[in-house]
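Okay, structure first, notes after.
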Amino acid sequence: MKVHETRSHAHMSSDEQKKGNMRKHKAEGKLPEAEQSPKKAKSEKDSVNGTGDEYKEFCKAVEENLSVDQIKEVLETNGQDCSAPEETLLAQCQDLLFYGALDKCPLCGGNLICDNEKRFLIKKHQDPKTRPKRELSSDKPFAGMMISLMGRLTRTHQYWKNKIEKHGGKVSNSVKGVTCLVVSPAERERGGSSKLVEAMEQGLPVVSEAWLIDSIEKQEAQPLEAYDVVSDLSVEGKGIPWDKQDQSEEAIESLSAELKMFGKRGVYKDTKLEENGGKIFEKDGLLYNCAFSLCDLGKGRNEYCIMQLVTVPESNLNMYFKRGKVGDDPNAEERLEEWEDEEEAIKEFARLFEEITGNEFEPWEREKKIQKKPHKFFPIDMDDGIDVRSGALGLRQLGVASAHCKLDSFVANFLKVVCGQEIYKYALMELGLDPPDLPMGMLTDIHLKRCEEVLLEFVEKLKTTKESGQKAEAMWADFSSRWFSLMHSTRPMRLHDFNELADHAASAFETVRDINTASRLVGDMRGDTLDDPLSDRYNKLGCKISVVDKESEDYKMIVKYLETTYEPVKVSDVAYSATVVNVFAVESKAIPSLDDIKKLPNKVLLWCGSRSSNLLRHIYKGFLPAVCSLPVPGYMFGRAIVCSDAAAEAARYGFTAVDRPEGFLVLAVASLGEEVKEFTSPPEDTKTLEEKKVGVKGLGRKKTEESEHFMWRDDIKVPCGKLVPSEHKDSPLEYNEYAVYDPKQTSIRFLVEVKYEEKGTEIVDVEPE
């Protein structure tokens, strides 16, 4: 039973409806003449529950005719709380059926309960003019509220924390048990954080900063719904194609979307066949599972296609086909068919493959031979494994895994970061490479190599071309479509210059490559949280990670090095400082040891910036050179490993977002060799540098004060000094960069865990009571 009436009347029979109308007129201070009652008027207290006897009779009827289960059903259907004692539930049900369902509380969104003993006051003061004036506490509009802050607000988090506490509220860094979450539109444009997604999942009010400002100014907490900023979003998706949404909305949808296919053996989730034991059909060494991508920016096409043959116990062979525009799931072409004849199903699969790509299936699947045909899809070559976004631990599993971990607690916490899904989801989301339909974290080496070759081919073309104007634009457009067909994206874009090429192609490729390495190392951790999976992955790393004692000389040296060479990361008008949380010493089998590197000449301890999503690959296999040479910072010295003597430079790569404040900087010893070449502009010929493997120093507009430099471990230079202007004011580099070309010339020594905070403040976690 669903009560739709308002609280003015909610009765079943015509007689009751008539009486309800009488109550309405009484409330207005008049009665129709035909209905004037000759009886003595009842006292105000008798009117507390409708018309006295009438309400009592109604309550008696409810009590006699409805069971406890029926009462709960009525309350649940109307969105009311059913956790109270039976006598309270009865009273709530009687009130609801007689007067109608109460609206939600306009402040907290919770359920309102009208105490029958207070009906007298409600009747007496139905006219607003007769209501007593509530004395407001002019400085406590947030009394009893727990508020969480997120993102780059116009004032610092510390400022708002002080204001909220001054006006009666409390602040929590988590969303557990809070009244609302106050967010920044700027952070929402980045796709939000896990805090925003969690708040949306829990149905918590998410409001703008204006709610705080207006509540304080008007000396009363304002209705939360008036300041809502995410009512147009939902974690299930809005059903609006992603390319028609604001980028921030699309990012939140993609971030909260579940990965539907984890790899070559992954049964697509929409088929629902995996729930019945479905597995990808395999015959003669071939797995019948293909994914395709097609990007044509000129025609506005960004599409994907899925084809699978799936075996299900005690069932025929199933063929699944899906084709659609990225982010427009409701309008995708989709079909699931049963085939009694296995050979006919295989023939149909091969026919569809040729129709989709213009190539034959078996040569592709066995030898990866394929030719891109105009207006046809290109295969996304999935590997036989599990994408880390699916196989790594989710937020709710991390606590269990950590509790069962036998490693040092600080090392276990580090493993929680690199073996959790979150950092990989965010990295791919920020790059627009997180489509839920395709496992971009589980690609074959052949596919990654093909991406690299296409990128390098285009870079070489740029160096030799003399095209300009429309012909140059067409060349960039053609590459962009080719690139985003290979590197399937939720928001492909037409690249225009070297900076965009570095950010959205070169750097993106390196991140996807490193995440694929993480996928293979992490594997499937979803079902083994009780078997200490963190220790197991630690052992697979083939390294030793230990916490550096905070009283040790190494720790003090590192803190000094960071504090001296760091400058705040600026986002809009807010500056973020970085503080050291922990330092981890690293010894890896894949990395030259300190003893090995000490045998080489001209050694320097340098900072290297890295996304958290790339750390596992660095520790597991060591640094790799940049994928290509571009005339922009990070790539201007060619295929080199680039570090800096300024923590400020490395922090730019390690910084994520305000609500994901933890990051890691890498300290590595680099041997620059006997010969070091200095540059103040991009070198014209980087191939010679690569071949000779000479050391390179790019001179930036700022340098570290040389008089403050010192030596570490006898002969390793630490260029720790105050950042001062250099004489190279026209350099494209802000800070000095150092480049080496042989991975054996670098040795990762420390991982420095840092926390980014608004400069001059300290955000303190306040747990909700």
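Positions of Cβ are set from backbone N, Cα and C atoms, glycine also.
As recorded in TrEMBL, the features of this protein are as follows:
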type	residues	note
COMPBIAS	1-19	compositional bias 'Basic and acidic residues'
COMPBIAS	28-50	compositional bias 'Basic and acidic residues'
DOMAIN	137-229	domain 'BRCT'
DOMAIN	277-377	domain 'WGR'
DOMAIN	404-523	domain 'PARP alpha-helical'
DOMAIN	532-763	domain 'PARP catalytic'
REGION	1-50	region 'Disordered'
| query | Looking at the domain 'WGR' (277-377) and the domain 'PARP alpha-helical' (404-523), are there 3+ C-beta pairs under 8 A, with each pair at least 6 apart in sequence? | reply | yes
For the domain 'PARP alpha-helical' (404-523), the DSSP helix/strand/coil residue counts are 84 helix, 2 strand, 34 coil
Taking DSSP helix as H, G and I and strand as E and B, the domain 'WGR' (277-377) has 26 helix, 41 strand, 34 coil
Taking DSSP helix as H, G and I and strand as E and B, the domain 'BRCT' (137-229) has 35 helix, 16 strand, 42 coil
